[in-house]
Amino acid sequence: MAKDSPSPLGASPKKPGCSSPAAAVLENQRRELEKLRAELEAERAGWRAERRRFAARERQLREEAERERRQLADRLRSKWEAQRSRELRQLQEEMQREREAEIRQLLRWKEAEQRQLQQLLHRERDGVVRQARELQRQLAEELVNRGHCSRPGASEVSAAQCRCRLQEVLAQLRWQTDGEQAARIRYLQAALEVERQLFLKYILAHFRGHPALSGSPDPQAVHSLEEPLPQTSSGSCHAPKPACQLGSLDSLSAEVGVRSRSLGLVSSACSSSPDGLLSTHASSLDCFAPACSRSLDSTRSLPKASKSEERPSSPDTSTPGSRRLSPPPSPLPPPPPPSAHRKLSNPRGGEGSESQPCEVLTPSPPGLGHHELIKLNWLLAKALWVLARRCYTLQAENKQLRRAGCPYQADEKVKRLKVKRAELTGLARRLADRARKLQETNLRAVSAPIPGESCAGLELCQVFARQRARDLSEQASAPLAKDKQIEELRQECHLLQARVASGPCSDLHTGRGGPCTQWLNVRDLDRLQRESQREVLRLQRQLMLQQGNGGAWPEAGGQSATCEEVRRQMLALERELDQRRRECQELGAQAAPARRRGEEAETQLQAALLKNAWLAEENGRLQAKTDWVRKVEAENSEVRGHLGRACQERDASGLIAEQLLQQAARGQDRQQQLQRDPQKALCDLHPSWKEIQALQCRPGHPPEQPWETSQMPESQVKGSRRPKFHARPEDYAVSQPNRDIQEKREASLEESPVALGESASVPQVSETVPASQPLSKKTSSQSNSSSEGSMWATVPSSPTLDRDTASEVDDLEPDSVSLALEMGGSAAPAAPKLKIFMAQYNYNPFEGPNDHPEGELPLTAGDYIYIFGDMDEDGFYEGELEDGRRGLVPSNFVEQIPDSYIPGCLPAKSPDLGPSQLPAGQDEALEEDSLLSGKAQGVVDRGLCQMVRVGSKTEVATEILDTKTEACQLGLLQSMGKQGLSRPLLGTKGVLRMAPMQLHLQNVTATSANITWVYSSHRHPHVVYLDDREHALTPAGVSCYTFQGLCPGTHYRARVEVRLPRDLLQVYWGTMSSTVTFDTLLAGPPYPPLDVLVERHASPGVLVVSWLPVTIDSAGSSNGVQVTGYAVYADGLKVCEVADATAGSTLLEFSQLQVPLTWQKVSVRTMSLCGESLDSVPAQIPEDFFMCHRWPETPPFSYTCGDPSTYRVTFPVCPQKLSLAPPSAKASPHNPGSCGEPQAKFLEAFFEEPPRRQSPVSNLGSEGECPSSGAGSQAQELAEAWEGCRKDLLFQKSPQNHRPPSVSDQPGEKENCSQHMGTSKSPAPGFIHLRTECGPRKEPCQEKAALERVLRQKQDAQGFTPPQLGASQQYASDFHNVLKEEQEALCLDLWGTERREERREPEPHSRQGQALGVKRGCQLHEPSSALCPAPSAKVIKMPRGGPQQLGTGANTPARVFVALSDYNPLVMSANLKAAEEELVFQKRQLLRVWGSQDTHDFYLSECNRQVGNIPGRLVAEMEVGTEQTDRRWRSPAQGNLPSVAHLEDFQGLTIPQGSSLVLQGNSKRLPLWTPKIMIAALDYDPGDGQMGGQGKGRLALRAGDVVMVYGPMDDQGFYYGELGGHRGLVPAHLLDHMSLHGH
């Protein structure tokens, strides 16, 4: 070195003083660096120790992971083996089941083959036996015939010949028996044995099962398979056929040997592996061929060989590698006792194996196959048992291996490894935390200012601190990376374990797959270890480089740079670091708000998305609403248009109606004027008629031909353009004064032609027959014969008619009842009666009992029949149908239409005077529609009828209201009449109606509703719509339908539309449908119980009523309503209640039944909070129940004064006639012992009408006929037409067990009644019990339901009762209901003291009759032992004199009428303006009437304390005066009605002390056979000549007679009965059951 060379630090060595401070600083820095280097080396040594420890820990973890992997692999392998064994076992079981089924099928086939072979052997044996017997018989005959051998003089040569012959026969027999037959038998047995061997081979070749059998075989049974062979061979010398026996024994022995060998082979095959199973089976089955061949030999050495072969084959039953198992017990039954083996006659003596030798020795071989199958089954069972034991051993070994491969220590090791792994993870985390803390400490130490230190030292310290911090962070990250690598290694280990578990290396031969898997895992681990070592070396090299760079930099820096440069660099670095720090702080400060803003923006975005979704949903909803609103607006506009058009049509219809009303008024005035004109014309024509009759009565007077017909040809008739009415010359001479009237009529006809009705004049009309009564209808044959008997001619049609109808000109023949000049008699005879009837039921005469059905007419319910004359003695009318057929009509199937109601036209008000001449084309329509002789009918125009009256042959009186419309409609009406349209609906003005009318609902429940209507034509079907959807199609003639399956509480809209054929659709019919809306009920009623049964109880006098309770849900409800219990009804009357929803039975005592002797059936109803259910299926009361009890003999009318709450009225009434008893000599008019009440008339109680609830009473088919009205108003005629339509509806339904729709109840029911009147009806002859109970009345709905049920049972029980024959029982039921309603009236005193005083005064002009007093017990306060009436009792009396005098005043006479049908003026009245003045009443209701009928056939009446008008045609007067000897009700319309009740049928009534009635007559016990009440359906006369001498002792019957029948029907079909006091035989087929109590 040069002398002036500078020092490394820039100081000269020659000047040490100047360089001392810098040297000190450098020295300090060197010491600091050395110190830092020492610390770094120490830290490196520590990190190396930690790294070594981590490597050791890693190796340990790898080893533990490897062990864990092996354990998991073993566990998965064991699971897989267990699953495989289970699947194998399942497959074996399935194969076993299939094999068992196949074996059973093969056994069945083999049994069938054995049976066939057995039958063949039996037949061959029988043939051999027959041949042997034949030979024996021949031999015997030969010996018998050879009689010289037995004689003493016979030679020895003949005897020798005989013996030789016998020997030849025996040899032949033996040859045939032991030769050919025995060979055949042996051959068949050998073939059978071959088949069995093949069968066994097939079974063993296809056997795969391993069933598990329990038990061990019976050694005695096993020994029995080998023992019988010597016995059989030793005992075979006694058999007659040794060859056959030997053959069988040899085959049996060979079979035993073969099967013993096969058993061993099967056992060994089962113990081997599955791969060699088929080869073992094949090798084991190859030995069967020599065995089958040896079985055909007949040597004795084979049994021994088989035994010798069986011994060495026995050890093969177990495998070499498995331990020897004891044989299982055989499932075969124990062998039979030795005595059974000696019985050769029983081939199936035992089921065991010891019975086989006996079966072989017998001629029949069926036991051989059975025994062989048993042995084969046992062998198979034994083989299966061996296989089962092998499976069990394998399972046990598998379990042991599983236990050895997965010990308890392995689980503990796994747990410890998991704990260690958790500890290592925590240690690594603590190391990372410690490194971070050291870094923070170093930063604080470096950043702290050191006093006396220069800035350059501080900068160097900071640089070293940062470098050290980086090194420490890198060193701290190394363990974390190792930890991650360990975790990745663990995951790879798990993946490898899963791959090993699912890979193909885990086979049964684990010697191949196990080492392969371990080798792969070790190789991967070694690779990972080498990579980790390389990583450690790389880290070490990086540390060494950092250390080398750190040591060389200060030396280079000291040599190459000055302190200033270092300082500047440090300052620059510091500034840059500060700038970076500030930037980082600013960026951090900016990042926090940005992060918050991002989160807020994200939250806002989510909210915006949710709001967008909600807005989209709202938009869709609003769009749907907008569409709906548009649709509703469109519908509203359409409805407004319809409404506007409807209003216009309504206004036009109103104007038309006003015009029609004006026309009707004018027409009525003209009609009255025309009524007077014919009367005047009659007087004028009477002398002319007499003169004409005198001319006709002259002898030799030729018949006059029609004058106009002979003079005017058909061409002139067709070509004429105006109607011409010609009169005959003599008419001008006779009736000249009427010529002006005729000219006026002809002028009016020329202006407006109209249809004229055909009519005939009757000079003298009886006042009893109304003038409007229709007469006979003409048939086509009669109408075409007008040229022979007609006295007038037809005229051409008018110009306004159609061409086709105008061109048809037919001659009209006068009716059978015509003028006196046509009859040819000297005096005018009376016109025969012509009535219009309606068929109530369908009737086919060929199905009836009559002898000549071809003379009767078939009827359809609703058809109209024209009746001529009166009913004959057999109960038949002579009638004519609408289509022209004539014949006999049974009277009990039809009902007369009232005279004021004629279908198709309203009646005329005056009689016609003569025949008329019609325009052409209208006579055919008149033949179809009018057919009247007393009047002429035209077309109906809103209730107006065009009447044409002809005064005589010189006068034509016509009345024209509308010329053009009616003339155009006439042809259409004619065609419609042919189509079957009802006549009241055909004639309309402008538009014809076809829509069904009077559409209303009935019996609306929660799930069903019944709809009825009145159809316009019974020949067209109707379509029923529900909510504008087609629901059903009803056939023609049906006017009701029932909707089923409806939802409760739902609004529905029902529509009924008529369906017309295509040819009728061309006509505009207007409205063709009718609509009605309804709402179903919310829920209920509950369902009725099922399986009702009535039985006698063990105790006498007690019945057990049991039923199946109704099904209820968890809430205890049925059909939506809460079930509260059950009610038991006997014949419609409640007898007890059971307050339990789950009750199933109850007891009824004899005392609970009010009239038990007459009740027949018991029903049960379900009670709920909303009412009761319908009746269940009734159960019959045992007939022997009432035989043991005698009904106590009580007075028929009694009252117990001690109980003021109730009283019972009992009086004898015959059920079929129901009237009061006649006066009795023992009956006193006034009893001094009574309470002082004078006797009044019986019907006085009926005359009162207190307010009571309106019970819905159904209109039966046999309602009362309406009276004829001589001069009624137009409104009355319209009402009658409506009434006819309503009857059409009622009569279209089935007559049997049908309830017509009832008129709805009227409001205003009175609830202020404090007492309740009940009626208990009984079928016993002669009793009706009326019971009045004081106390609050029932609720209206319950009372209404109870009355409906009683009435329904009564109506249903009446069944098929013809209206004409059932009138008596109808009025009997009417009277019964009247009694019931009037007994309710006894509770109220609504008539006041004045009327009560009036009723107490007896009528001076009425006879004192039999009285029945009903005493009111509510006012009695003192008990009495005697039965006496109360002081204020109401008395019911039966007047026998004139009509009852009752009214509002003393001088106002009043009559009593009974309502024949229901009437509601708001619905049925013809004049709606006067409907407010009319009264509402129901059928069978009693009404008080004052005065006579007014001009409109109305009475002034009182009903329900209201005074108003009632129509006379719907009521009948009750007259019980002295002039009526037969005690019948009299109707103004019908005359005498059938009798209500005859008192002759009773035994009598008396009034004892105390005014109580008792029954007179015999009081003996009731007979065992209860008498029955029946009604005669037809007339019967035993003395009419057809019976001959057999008519003695038989009763004559009239239709409607009520007969009391005793006992059953005899073998000839006759009952023994009583009628009118006479007893005798009555034919059973002419009687119908009748009762009033519902049965």
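Cβ from N, Cα, C; glycine included.
Fair warning: this is a prediction, and the values are worked out from it, not measured in the lab.
Of the given residue ranges 78-100, 1251-1273, Swiss-Prot assigns the label region 'Disordered' to 1251-1273.
As annotated in Swiss-Prot, region 'Disordered' covers the listed stretch 1-22 rather than the other ranges in 1-22, 661-682, 1189-1210. Across the domain 'SH3 3' (1569-1636), DSSP assigns 7 helix, 28 strand, 33 coil. Residue counts for the domain 'Fibronectin type-III 2' (1088-1184) by DSSP state, with H, G and I taken as helix and E and B as strand, are 3 helix, 49 strand, 45 coil. DSSP assignment over the domain 'Fibronectin type-III 1' (995-1083) gives 3 helix, 43 strand, 43 coil. Shown for the domain 'SH3 1' (832-899): DSSP residue counts in helix, strand and coil, namely 9 helix, 27 strand, 32 coil. Most Cβ pairs under 8 Å to the domain 'SH3 3' (1569-1636), among the stretches 832-899, 995-1083, 1088-1184, belong to 832-899.
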